[in-house]
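What Swiss-Prot says about this protein:
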type	residues	note
BINDING	Cys457	heme binding site
CARBOHYD	Asn309	N-linked glycosylation site
TRANSMEM	10-30	transmembrane segment
Amino acid sequence: MALLEDIINFATLNPMVVVAIPVFLFVISLLRSYLRLAHIPGPFAAGWTNLPRFSWVLSFKAHDIHTALHRKYGPLVRFGPNMVSVGDPKEVGHIYGFTDPWMKSDFYHALLMKPRGKPIPGIFAAQDENIHRALKKPISSAYSMSTLLSFEPYVDSTMRVFCEQLESRFIENKKPLDFGKWLQMFAFDVIGELTFSRRLGFLESGEDINHVMANIWETFKKTSLVTQMPWLDKLWTNNPIQRWRRGGGASPGAAFAMARVEERRELQRTTNKNDWHFNTRDFLSRFMEAEAKDPSIPPYALAAWASSNITAGSDTTGIFLRTIFYQLLTHPETLRKLREELDQAAAAGNLDDLASWKQTRELPYLDAVIKEGGRIHPPFGLPYERVVPAQGATICGKFLPGGTLVGMSAWVVHRNKELYGEDCDEWNPDRWLKCDTEKRRKMENALLTFGAGHRTCMGKHIAYLEMYKVVPTLLRKYDVSRLLCFLVSRTG
């Protein structure tokens, strides 16, 4: 007690001590943080602060910078004081496996819906495994491939509208078009059909309805930065002013989906029915059925499910489609090979003008093109972060203490030369065909296009259903090799 009084008296008589003590403690804390992962190579500044990785994302070149850093430093690279990026494909199962899953980091907090500032868990961003399980279990069957095949007529309907709009707006008038924009609008209208039994109106209007696409992009630009320094969320993206600008705090995609949910609830109240006479039950009908059957489902679940479909289901598919057509346009030999395969299948009576899922699954070169599209330009450009369990873990031969943040970037893993070859930076669908079964299995298992393990994106089958149908259909109908000028019909 006397010693404590002496220290207090000394500090009172020496004001500099009051300043020096917290500075000293801060420096000690900083040193401990740095030394904790000093055995992991990486940029010097990244050992002291998260500002470098924040700046990489700010540059819009984080995916390329991450790849370059791994080629310089090896399979483990320190991205921050407590963050290690892993680039070895063999570690995918270790970090993202189905057994003993590692918890998601605070990276995902920035991706949560926050109506009125309060975060609402979603299937993708939920950190608590119990919450994730409670949200996923009631609706997981709706995302199975067998169930999604019952949705194929919805995709067909939107594809017909897509083709009609291309022909009336551009082919007949020989006008140039922004094909990437139209592929994105197609993806939005498909997910609208699947989720709400109606297109969202992008294709018919030829416009970004309510600026949803632009607003989602702006939101992603901000949240991607905040994921690197999660404490910024309340200061920047979720402060009262931003919540007011968003009309109560919901992100653009979430607000759009929640409005559609309220429309359906109002229809249910006024008609007093659970069946709105749709030919096929859409996602929202299935979500509401699940909610009605299980009173334990939290009240926010319906909005979380619907908004996930709109926000994630449209953007990732749009990116994927743009990638494939860009690569086909810039690699004429690939386009020629794929068109040849499609024409031969059609001549044999095995491919309709409106391609079906069953038919396209028998086309190996199309399969290779789509796999290569997901490999060379995965939609998600940042590492999928996880927290090392309390006991620590050995990754790539080095021990990482419990609580360390680790993550694998699809861009880094997909450019692993040992697995994908010296030409891994190049577009080459043949890599999936000119290899043995074991090599192909390893390459497929390392694909992180839609994540990995038990937290793999539930909507990946939706994306594949669209791609395996729309790519061959458009290539059969139109000469896309002339897209740099204008789109023309292949039939005259």
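We count from 1, first residue shown onward.
Positions of Cβ are set from backbone N, Cα and C atoms, glycine also.
Sequence-distant neighbours of Asn309 (N-linked glycosylation site): residues of the same chain at least 6 apart with a C-beta under 8 Å from its C-beta are Ile191, Leu194, Thr195, Ala257, Phe283, Gly459. Taken residue by residue with DSSP, Cys457 (heme binding site) is part of neither helix nor strand, so it is coil.
Just so you know, the Cβ of the residue listed as 'heme binding site' picks up 21 other Cβ atoms within 10 Å once every protein chain is counted.
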